[in-house]
Amino acid sequence: MLRWIRQQLGFDPPHQSDTRTVYIANRFPQHGHYVPQRFADNRIISSKYTVWNFVPKNLFEQFRRIANFYFLIIFLVQLMIDTPTSPVTSGLPLFFVITVTAIKQGYEDWLRHKADNEVNGAPVFVVRSGSLVQTRSKNIRVGDIVRVAKDETFPVDLVLLSSDRAEGTCHITTTSLDGETNLKVGLLIFRPHSHFLSLSEPLGPENLLLRGARLKNTKEIFGVAVYTGMESKMALNYKCKSQKRSAVEKSMNTFLLIYLGILLFEAILSTILKYAWQAENKWDEPFYNHKTEQERNSSQILKFISDFLAFLVLYNFIIPISLYVTVEMQKFLGSFFIGWDLDLYHEESDQMAQVNTSDLNEELGQVEYVFTDKTGTLTENEMLFRECSINGIKYQEINGKLVPEGMTEDSPDRSSREELLFLKAVSLCHTVQISYEQPGDGPGDPFSHANGFSSQMEYYASSPDEKALVEATKRYPRGYDVKCVIPLSHRFKLLHVLEFDANRRRMSVILQTPTGTPLTASHFFLFPLFLPPLQKGLRTLVVACRHFSVEEYEEVDQRLHKARTALQQREERLAEVFSFIEKNLELLGATGVEDKLQEKVQETIEALRLAGIKVWVLTGDKHETAVSVSLSCGHFHRTMNILELVQQKSDNECAEQLRQLIIIIIRHDAPRVTQVGKWRRHGLVVDGASLSLALRGHEKLFMEVCKNCSAVLCCRMAPLQKAKVVRLLKTSLEKPITLAIGDGANDVSMIQEAHVGIGIMGKEGRQAVQNSDYAIARFKFLSKLLLVHGHFYYIRIATLVQYFFYKNVCFITPQFLYQFFCLFSQQTLYDSVYLTLYNICFTSLPILVYSLFEQLVHPHVLQSKPVLYRDISKNSLLSFKTFLYWTLLGFCHAFVFFFGSYILMGEDTSLMGNGQVRVAVLYHMLYLW
């Protein structure tokens, strides 16, 4: 119990070593010195508070606000010394503000706890005492053997121990982690019947099954839990939670400091004038107020301090105590409009927009940079075959038929040898897995469909391009059936698979034809050969083949066997053999595959660009794939000057390349006159390795290049690199407001780092949504969220803040002027009830209603004219110039109220002869009028 309490309070951290010893099934050694290691439990925590720390942590965060801390000091002063007003006038509003804010923040955190409990309470099966038992996900410990069935999500980071597949592997998808739908393979670490685990090589990524991934095409697996809870890789990508504060709140704090300076000036001036006035004996001790002996002998310094504090309490209402609580209520109530907006409702998934925190509503109207993931955010991650080139002739798919360009689908079908060979190569050169869902239990016969047995077939592939090509050839019957990659009249034997790697940028298979002749077919990237498909934003694959004689194949087979069984320099030897095989290829054609974009992505990016928002795409995809999608979604334009910072090997090389890019930009922009508001037509492509070098010591050069580019694409990015890029922009000299949007667990660090984080409600996984500030179903909803809701929220909150300072100046300045007419005797002008309720009720409710429903411009106009978003950028409505205008206006109106009432009443203290209307009430009536 004591250890649990220490963990809750953060005094008992889990195991922090770089290495760990995991005992399978928690069978610890019985002999010898054994020191148990402490590991984190399997709970995922996205909330900020617990039952134990809510009160102290929330109070600490609230009293970090200047106004709250100031009124706490005033309240304590009123308790310690004799002041003109009751301590209730400060204590009650402060208590009300603290309570309402705590309830609002507690409710939002309770929603996070509720989402966490759904994940942590999910049922799982583990092996305990030799039997399979069901428990909750949060109860899994490091060392437990966990069973995962098909289509289930891994509850922890596992090392694969056994699989029902004969080759000892399992297939997984990581859609909830990185948005990728392609199939990945997990490898077994030892034979199931072995009693001891002896490894000649350390465990690699292929042995680790990450939390959040989903088991596919495998009935069930057993694995040992090695990383749990917040130590899993998914959770390590999260940033430490910090309180996000909007630009409006920072402006409020600055304005409060200015008003605090005005308050101190008025208090000091009043104290000095009081003693100057009391220098005359007739005012120092008038006949109606004789001093006591103790008052005459008291210290003058203490009397001065006491009078100063008394004036400080008298004028303290120039600081708007109810400002924060009114702002909190406006944000909380206003956030419901996002969830109620039917334009942000996605009918297919039946999902509404979701607000996880309402503290940043107005920040939606101040965004200057948008950082977006690609896969699952801009795209559906669904590859569609669009066109191909065979023997120099371009073909397109029309109604399920492959038709040469310029011909119709009704044209006679004359399949040439080149067409058939091309389609044969495409249908055979892949690593696609096929799953058959059949009625009843037990494994299905993979060939049962050929015998007329009804089954539902599903493709799984390590590359989405392969899956799209196989599905395409399935639609084009050419005398053979590619559904199971087994021709009706021919059968091919798969001999070898030459796996894809980043250096070769290709994969190949070696097949034996029905006549016994080995044939190699290759897919490899060769973009310069086929520019037209790339210009459309298509992913291009070149298809080629080579025929082997029996003697040639025997030599190839021997060299492959030696390379794959080599104990040293295996990778280098394999690369040498692959290069030997993949030469003298016969070019068959090329394919164009489209990564299907989400609806209205291009229109959304263009609207953001017109609104003055720069869009950066941060993705882990390859360079060519990322550029292809950037072109298709409108992030890059064909007329744009594309700059590249890729494949940099050293710091000096990176710095030199950055200088060259700056020179190119200057030369490109020199001949023309840049117009106001016109984007420079430059785009930048940078990969992860080059970015690491650029951020190591050349940040200024890198930022100078980026600021001159209207679009930036970062590829091959690790999750934490995405967060570093966002932090780099946040901490630059301009301090721009940033927004990050993504759908996977690898986007969480970026979402948490940005000023505003938005999660996309993807098909699988909720990590991005749970750790975001707002969640939407599709990228296209971002335009209305920023251009309409952001615009409204910012104007409303800016008006509310300026009004609060204005009304308090109007309210308390007459109190200061009144001291000149009462000999600075610290006489209050207002009753304590007015002082207490003025900020809480009388003047807060009308502006609150205004700030919830005011619409200066119709929503359709804001969405159709994105350029209006620029009018409120850079926190323009809360600039110092605007603040000064509202403050001077408040002082002018206060002088009018005070001296207008004074002149109106003249020498009398009432308007009527019977004295029914008093001065203080008149001041209040005039102000409210």
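Quick reminder: no glycine exception, Cβ is built from N, Cα and C everywhere.
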Kindly point out the range from 707-727, 833-853 that TrEMBL annotates with transmembrane segment.
833-853
Out of 254-277, 308-327, 833-853, 883-904, which stretch has the largest tally of CB pairs under 8 angstroms to the transmembrane segment (66-81)?
308-327
D743 (Mg(2+) binding site) and D373 (ATP binding site), distance between Cα atoms, whole Å:
8
Shortest C-alpha distance to D743 (Mg(2+) binding site) - which of the binding-site residues T375, F500, T619, D621, K722:
T375
When secondary structure is assigned with DSSP, how many helix, strand and coil residues does the domain 'P-type ATPase C-terminal' (769-914) contain?
109 helix, 3 strand, 34 coil
With DSSP as the yardstick, break the domain 'P-type ATPase N-terminal' (36-90) down into helix, strand and coil residue counts.
27 helix, 0 strand, 28 coil
Listed stretch, out of 254-277, 833-853, 883-904, that has the most CB pairs under 8 angstroms to the transmembrane segment (308-327):
254-277
Between D373, D621, D743, D747, which of the binding-site residues has its C-beta surrounded by the fewest other C-beta atoms within 10 Å?
D621
Mind telling me which of the binding-site residues T375, F500 has the densest Cβ neighbourhood, counting other Cβ atoms within 10 Å?
T375
Given a separation of at least six residues and a C-beta threshold under 8 Å, show me what packs close to T619 (ATP binding site) in the same chain.
D373, K374, T375, A626, L713, C714, C715, M717
